[in-house]
Ligand SMILES: [Zn+2]
């Protein structure tokens, strides 16, 4: 009798009758999982003479890596920039709810706030793996306060800062700690930003350019100092101009250091970015596309009026207005909606659409050895999707953490 006891006693699950995304293609292959990791079945058969303990029929579904959202301000009534002593329960709620939208890891994002708010919130953000309790937390995305007043968007102007004499030390004092910080969005035209970018990069923190009036050469200089990301491309930056394309020009710049790739976030909800702009970016630099929701607290709430922090907003489909006006007040699209819109708007392949929400954000954060792919030995964070990319079930570390019920809820 073959035995799988020689290496590990942990049960082995075999997901059959599926097409899985591996090596950039959907392949008719089974997915094997043991101890929360994706298993190489050849090693299992030949070295361990092992076999599956359980088989799960995927009924022809697509299996894809779980989505990673690197810019999400909240959802389901929770605002990550609102300092409360019960901040953790808000993160937990959002982490649980986004499982149904295929998100298995995320970076809670804080908009420009006073230092006291950072000091209260950041110690309450625990970087942790996902599970039945919710999606994994990869660390905070600090969007501001070192941004341009001219491109502040919805950020409060009185909290926007520049780097003073002590540059990096000022940033440290502002945030209080960098322990859980994963991404910092800043405007590279701010004086002394180069040394701040170098210091952050040295500590493994991803620097993103955004809410900025930088020209192309300032943006290129920031990349040469270590910046690797662009925050919501086209939004809150100078519009493309052929004599100086600004930050947008990074997509086709020839001054990117060899071996480096610049990624760019896009809100692919059909509202914040016109489909033609989405196509321009994708065709110019397909391997840099990172889908983000940039969702606000209204994501996941029913249509109608809601009070979010100081604002009353009106949710109408994917549009969210400041109540009584036609002023858009942030995105409420979920990640799975963004993936489907991206697929439809660009006519790209299913593989490409899925990778923009999984492989690319993992590469951006340098975690593609364990997340964002279905490669052997990766974390078994994956989704079952139907052909139109509606999520049917979500798995984290090989455990089912969400499943669409028979009523389609
Ligand atoms: Zn923003």
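These residue numbers are counts, starting from 1, taken along the chain as shown.
Glycine residues also receive a Cβ, built from the backbone N, Cα and C atoms like all the rest.
TrEMBL annotations: computationally assigned, not manually curated.
Of the residues 133, 272, 306, TrEMBL places 272 in the same substrate site as 154, 235, 236, 243, 328, 329, 330. 232 is the residue from 158, 225, 232 that TrEMBL records in the Zn(2+) site together with 143, 211. Comparing the Cα of residue 236 (substrate binding site) with the Cα of every entry in 143, 211, 294, these being the recorded positions, the smallest distance points to 211. A Cα-Cα distance of 8 Å separates residue 235 (substrate binding site) from residue 211 (Zn(2+) binding site). Taking the binding-site residues 211, 232, 243 in turn and counting surrounding C-beta atoms within 10 angstroms, the largest count is reached at 211. Closest by Cα distance to residue 232 (Zn(2+) binding site), from the recorded positions 154, 243, 294, 329, 330, is 294. Close to the recorded Zn(2+) site, the chain also has 71, 144, 147, 153, 155, 185, 208, 210, 231, 235, 236, 294: residues not among 143, 211, 232 whose Cβ is within 8 Å of the site's Cβ mean position. Within 10 Å of the C-beta of residue 328 (substrate binding site) we count 14 further C-beta atoms, all protein chains included.
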